[in-house]
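Q: Structure in structure tokens, see below.
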Amino acid sequence: MHHRLTLIVLLAVFCWKAQAQKSLPQAMVLVKGGTFVPLYGGDSTAVKVQSFLLDVYPVTNQQYLDFLQKNPAWRKSAVKKIFADQNYLRGWETDLSYGPNPEKISNSPVVSVSWFAAKAYCECQGKRLATVEEWEYAAMASETKANAANDEKFYQRSIEWYSQPNPTYLPPVQQSFKNYYGLYGMIGLVWEWTQDFNSALLIGESRANASLDRQLFCGSGSSGAKDTKNYVAFMRYAFRSSLKANYTVSNLGFRCAQSLQP
Amino acid sequence: MKSLFCLSFILALALSGCKQPQPADAHASHQAMAPTATAVATNQPLSDMSLYNLSSEWQNQNGEPLTLPQLQGKVQLMAMIYTSCTYACPRIVADLRRIEESLDKYETGDVGIVLVTMDPENDTPEKLKAFAQENKLNPDRWTLLTSSEANIQELAVLLNMKYKNSGNGQIAHSNIISVLNAQGEIMHQQQGLGTDPDETVKSIEALLQAL
């Protein structure tokens, strides 16, 4: 009898703990469409972004673990190198355990995931990765304004965020910067994968003022930038252009997006 | 018995996983493969770095369905184009033909050339076929492929291609010719237009000797 009681208590504690560690609901918010001038684009004109849904938070370790439980092909030991390099889920102890201090990072963004892995995760949720334009459009928002493109203070703050080194434990996603749309961590948490990360033609011959359908040579990518004030966006474009789809980076995570039903 | 086990394993995987395309595991890709002339080669499991690990479905210029593992068994030259492209694509095709000419002595069964469209919306199999005929591309050598935008992008990122569709009929893109070995691994890449094909030809010849 005594033993049975102990067992029940133990089970209850275990369940409660499991409950506490359960992932946050993957809520999304509406990002209302509009036009903006991306830092890099074919022409110097504004592009139109349709309204879309974006995850409130980047995907967390716990959420990613849930995904791995259902999708063995993406576990560390099973994944093919062409889809995720050797540092995939670096720091994870085993296929299904993300570290020695799980409670510290269960709600932190999952990092060291490849583009293929991020894409597969989103597809499993019936979602997709955001396009570069969608992501940049949503990231223009400060706490109070959808478009903080002319807010020098916001830029300055963003640069300061980027200049800080990564902490040992990435903070929980809900503790990060929340912008106008209700999106957390668009700045100041981790870099994020985008669907068409390979669309920035920074290697274009920008002096010819037409990267379209021209031989791609030469550097000087920055001279093609539209808004030199937006240095953090420049960093993001430069970072993206350095990525390959199977790369994993210790401060590169992702979140998912969804188109609105037509 | 073994195959029954295998089948139920796959079924279990399929049921527990998601419906979206997954990287083909060795069993699944073999099951799905149509018997082809390259059946011998396809019996080998794909290496980790083979592009043919992509499980996407494609159509060639004849409108026939095709999966990438069917390209196995030959050295393949792969490049991306779109048929309404006026500047770079004709030149990349010209570069490929230059390479083809210097490989004249090799059978079409040993070296193939694959052109993948970046513009699936416009480049239907019919358009690709017309493009091939216009450019007098030998159908025994050249395969032109189209698929969904998502599938094309997956292949493009593996080929290290950067491209952006500006939506006005123009696509900004890098110009890369990739040499794939018989197992579908990238062995060499030639970048830019009008590049001296010497190195590329040498890498192909080295692969052919190893065949």
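Quick reminder: no glycine exception, Cβ is built from N, Cα and C everywhere.
Not measured: the values here are computed from a predicted model.
Heads up, here are the entries from TrEMBL:
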type: BINDING; residues: B:CYS85, B:CYS89, B:HIS173; note: Cu cation binding site
type: DISULFID; residues: B:CYS85-B:CYS89; note: disulfide bond
Q: For B:CYS89 (Cu cation binding site), just count the other CB atoms lying within 10 A of its CB, please.
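A: So the Cβ neighbour count for B:CYS89 (Cu cation binding site) comes to 25.
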Q: For B:CYS85 (Cu cation binding site), what is the secondary structure state per DSSP, taken as helix, strand or coil?
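A: In three-state terms, B:CYS85 (Cu cation binding site) counts as coil.
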Q: If you count the C-beta atoms lying within 10 Å of each candidate's C-beta, which of the binding-site residues B:CYS85, B:HIS173 ends up with the smallest number?
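A: If we count Cβ atoms within 10 Å for the binding-site residues B:CYS85, B:HIS173, the smallest count is at B:CYS85.
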